[in-house]
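Quick look at what TrEMBL lists:
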| type | residues | note |
| --- | --- | --- |
| DOMAIN | 8-225 | domain 'CWH43-like N-terminal' |
| TRANSMEM | 12-34 | transmembrane segment |
| TRANSMEM | 54-73 | transmembrane segment |
| TRANSMEM | 94-113 | transmembrane segment |
| TRANSMEM | 125-145 | transmembrane segment |
| TRANSMEM | 157-183 | transmembrane segment |
| TRANSMEM | 195-220 | transmembrane segment |
Amino acid sequence: MLCFLRGMAFVPFLLVTWSSAAFIISYVVAVLSGHVNPFLPYISDTGTTPPESGIFGFMINFSAFLGAATMYTRYKIVEKQNQTSYFSTPVFNLVSLVLGLVGCIGMGIVANFQELAVPVVHDGGALLAFVCGVGYTLLQSIISYKSCPQWNSMSTCHVRMAISAVSCAAVVPMIACASLISITKLEWNPKEKDYVYHVVSAICEWTVAFGFIFYFLTFIHDFQGVTLRISTEINDDI
């Protein structure tokens with residue numbers, strides 16, 4: 001357990017545990033309250049109706065903050081590694097950070113605009129979160145390969161790329177099937193015409209979401225040997 005407290009490793013560790021708890025707690029409360037069907041609801045379905053909507057909103061907002069903190073720290077780590085031993089253009093790392101932060105903004109939109117209240121805004125935030133998130137993992141996987149073997153092991157690179165590939169493969173049918181659903185609702189009947197689309201898109205959504213979680217889990221080792229300092233300077237001329 002102490003290895004998760006070394007250096008900056010607590011940041012991705014907290015992101016992984018908090019985000020997992022957010023999904024699981026919201027799901028359990030929604031199911032026990034009878035608000036969603038236990039079989040494959042959308043993640044957003046578990047955060048639409050009180051009391052789970054309050055839990056979902058609060059926890060996903062903090063997950064977005066932790067995600068941004070993790071991505072910025074990762075950006076600084078890669079920047080420093082690249083200065084020590086050049087392996088990639090800095091623009092690549094910057095684009096990855098921008099995509100990641102836009103994805104975090106999308107998470108914030110999802111958390112604060114419920115699915116049934118403002119579906120267009122909610123769906124737009126979800127699209128940002130998933131598409132930009134997948135783009136972030138793909139770019140970070142490529143960066144990992146470029147920095148191998150000095151800064152990453154080949155096994156870590158393979159794991160990251162595998163997670164990215166699965167997430168990328170899942171996000172396409174997720175969006176395609178979700179766009180074919182004609183109505184937004186919480187409870188589904190297997191006999192309904194859009195039920196298959198719902199099941200496929202829900203499976204893909206959960207796959208991508210936990211793909212992100214497992215991806216950030218691979219950052220823990222990299223963050224253990226890192227210390228991030230904030231310096232303060234006071235200008236006496238003012």
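Even glycines carry a Cβ here, placed using N, Cα and C.
Unlike curated records, TrEMBL annotations are generated automatically.
Note that the coordinates shown come from a computational prediction; the quantities given were computed from them, not determined experimentally.
Within the chain, the transmembrane segment (94-113) has long-range Cβ neighbours (under 8 A, six or more residues past its boundaries) at 44, 47, 56-58, 60-61, 63-65, 67-68, 71-72, 74-75, 121-122, 124-133, 135-136, 139-140, 143. Taking the domain 'CWH43-like N-terminal' (8-225) as a whole, pLDDT averages 92 in the prediction. Outside the transmembrane segment (157-183), and at least 6 residues removed from its termini, the chain residues within Cβ reach (under 8 Å) are 123, 127, 130-131, 133-134, 137-138, 140-141, 144-145, 148, 194, 197-198, 200-201, 203-205, 207-208, 211-212, 214-215, 218. Same-chain residues lying 6 or more positions outside the transmembrane segment (125-145) and placing a CB less than 8 Å from one of its CB atoms are 44, 71, 74, 78, 88, 92-93, 95-96, 99-100, 102-110, 113, 152, 156-157, 160-161, 163-164, 167-168, 171, 174-175, 205, 208, 211-212, 215.
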